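**Q** Pasting a structure below so you can have a look.
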Amino acid sequence: MKQIHENIKFAGIIIRDAAQQKVAVETIETILQRYGVQILLEKSKAKEISRDGLSFEEILQKTNFIISVGGDGSFISTCRRCANSLAYVFGIHTGHLGFLTDATLEQAEEFFAEFFAGNYSVEHPYMLEAKFKKDEKIVRKIAFNDIVLMRKKVNSTANIEAYMNKKHFNSYFGDGVIVSSAMGSTAYNMSAGGAIIYPLCDVFSLTPVCSHSLTQRPLILPKEFKVEFKSGDDVVVLVDGQDRVDLKDFSSVEVGISEFRVNLVRSKNRDYFEILKEKLRWGHNDK
C-alpha cells in the first residue's frame, strides 16, 4: 500500500490571510522544494501575495496532501472542507494556543524530514453532523469541534428540548447546550465543565451551558445515537463557531456523529497527554 509521502509532487497550502502569512508560506515552500514538492495556493489568497492560484477543488484534484497554516480556527475550517474527500491534512501552528495542530513554523523543517522518511502516523477522528429539518427540507452542516445551541439574546434564557429516538429526555434551560466531538472536547466543552475525551473515541457529548438546574450534567453518548433539539425560543446554532443558523427557521435540528471523517497527518512524536500537560499546565505548581 502506497504511503502518503510517496510520489508527492504538490502540496496545497490553506491560509486565512496570505499577506500576514507570507513569510510562513515562503518558509514552507523552501523546505518542500528540497523534496521536489511544489506548493499550491487558493486563487483568492494567492492574489494577496501576487501569485497564481487554483480553486480549492482544483487543488484537491492535483494533490491529496493539504497543509493548514494558522491557528486552530484555520485548522478546523480546513478539516471541514476536506471532509468527504481523500485529502490528508497537516496543521502548522502560527496562532496562540495550538491544541489541534502538530508543529510550529520553527518545527516544520524537522517534521518534513521525518515525514518524507515515512515517520508519521495518520488519525481518522469522527466529526459531527447537524441536520436542520423543516417539512421535507434538510440542510446539513459538518463540524469538527462542536455544534452549539445558544440563546440569541443576552438578556434572556433559552429553553431547548432534547429528544432521543423521538422520545423527550431532557429540557436544557439556561444559556444553551454544547454538542462536542471527542476532538473538540478540549474547546468550549471543557470551558463549560464538560469531560475531556480522548480524541479518537467514537463518542460525542452534550454539555449544558450555565444551566438553571444544578442537576444538569454533561452526558457522553455512543456514535450510534442521534439527538434532536427543538425550541420555541430565539435560539441560534453555531457550527464550529464558523456557520450560524437560526433554529426558528427550522422545526428542529438533529445532531450526531457524521459518516464523514477527516484524515490527519500526525508527527510520530505527538503525545496527546503531553499536550494536555503543557497546554493545561497539569502537574505544574503555580504557587
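Even glycines carry a Cβ here, placed using N, Cα and C.
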**Q** Select one of Gln3, Gln20, Gln21, Gln242: the residue that TrEMBL places in the NAD(+) site alongside Asp72, Gly73, Asn145, Asp146, Asp175, Thr186, Ala187, Tyr188, Asn189, Met190, Ser191.
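**A** Within the candidate list, TrEMBL flags Gln242.
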**Q** Using the alpha carbons only, what distance in Å do you get between Ala187 (NAD(+) binding site) and Asp72 (active site, proton acceptor) once rounded?
**A** 10
**Q** With every protein chain in view, how many other Cβ atoms are within 10 Å of the Cβ of Asp175 (NAD(+) binding site)?
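**A** Excluding its own Cβ, the number within 10 Å is 20.
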**Q** Report the nearest neighbour of Asp72 (active site, proton acceptor) in space among the binding-site residues Asn145, Asp175, Ser191, comparing Cα positions.
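**A** Checking each of Asn145, Asp175, Ser191 against Asp72 (active site, proton acceptor), the shortest Cα distance is to Asn145.
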**Q** Here are some binding-site residues: Asn189, Ser191. Which one has the most Cβ atoms within 10 Å of its Cβ?
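**A** Of the binding-site residues Asn189, Ser191, the most buried by Cβ count within 10 Å is Asn189.
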